[in-house]
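Asker: Quick one: the structure is below, and I'll ask about it shortly.
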C-alpha cells in the first residue's frame with residue numbers, strides 16, 4: 001500500500017494518534033483521554049487521510065509505537081491495537097467504522 005504509506009508520512013506519521021494509542025495502552029485503556037488534545041489532533045489528522053487508507057495508516061501508527069519500545073508485554077500490545085482499531089469510530093469518520101486489522 002505505497003499510497004497509504006505516503007499518506008502516513010505526509011501526515012506526520014499520525015503522531016497525535018500514536019501518542020493517544022500509546023497512552024491508552026499504557027493506562028490499561030482508561031477513557032480519561034477521550035476528550036484530550038491528543039485525541040482531537042489525532043482525529044483531525046485522520047480526517048485528512050483518504051478513506052481507504054485510514055485503517056492501514058492506523059496499523060502503521062501502532063507498529064511504529066511497538067518499534068519505539070515503550071509498549072511492554074502482551075497486554076499493552078493488545079490494548080495498543082484495540083485502541084488503534086477503534087479510532088475511526090471514536091473520531092466518527094463516516095463509512096470506515098472499526099478497523100479489522102490484527103497485530104500483523
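Just so you know, glycine gets a Cβ as well, placed from its N, Cα and C.
Residues annotated as disulfide bond in Swiss-Prot, with experimental evidence given as evidence: 4-53, 17-42, 43-91, 55-99.
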Asker: Which three-state DSSP class does residue 99 (disulfide bond) fall into?
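Answerer: The residue in question, residue 99 (disulfide bond), is coil (DSSP, three-state).
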Asker: Checking the disulfide-bonded residues 4, 17, 53, 99, which are within 10 Å of residue 91 (disulfide bond) at the Cα level?
Answerer: none
Asker: List which of the disulfide-bonded residues 17, 42, 43 have their Cα within 10 Å of the Cα of residue 4 (disulfide bond), in sequence order.
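Answerer: Cα within 10 Å of residue 4 (disulfide bond): none.
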Asker: To the nearest whole angstrom, what is the C-alpha distance linking residue 43 (disulfide bond) and residue 53 (disulfide bond)?
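Answerer: On Cα coordinates alone, these residues lie 14 Å apart.
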Asker: Among 53, 55, 99, these being the disulfide-bonded residues, pick the one whose CA is nearest to that of residue 17 (disulfide bond).
Answerer: 55
Asker: Between the Cα atoms of residue 99 (disulfide bond) and residue 53 (disulfide bond), what distance do you get, rounded to the nearest Å?
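Answerer: Between the Cα atoms of residue 99 (disulfide bond) and residue 53 (disulfide bond), the distance comes to 11 Å.
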Asker: Which site among 4, 42, 43, 55 has the most other CB atoms no more than 10 Å from its CB, taking these as disulfide-bonded residues?
Answerer: 42
Asker: Of all the disulfide-bonded residues given, 17, 53, 91, 99, which residue's CB has the most CB neighbours within 10 A?
Answerer: 17
Asker: Any idea what the Cα distance is from residue 42 (disulfide bond) over to residue 55 (disulfide bond), rounded to a whole Å?
Answerer: 13
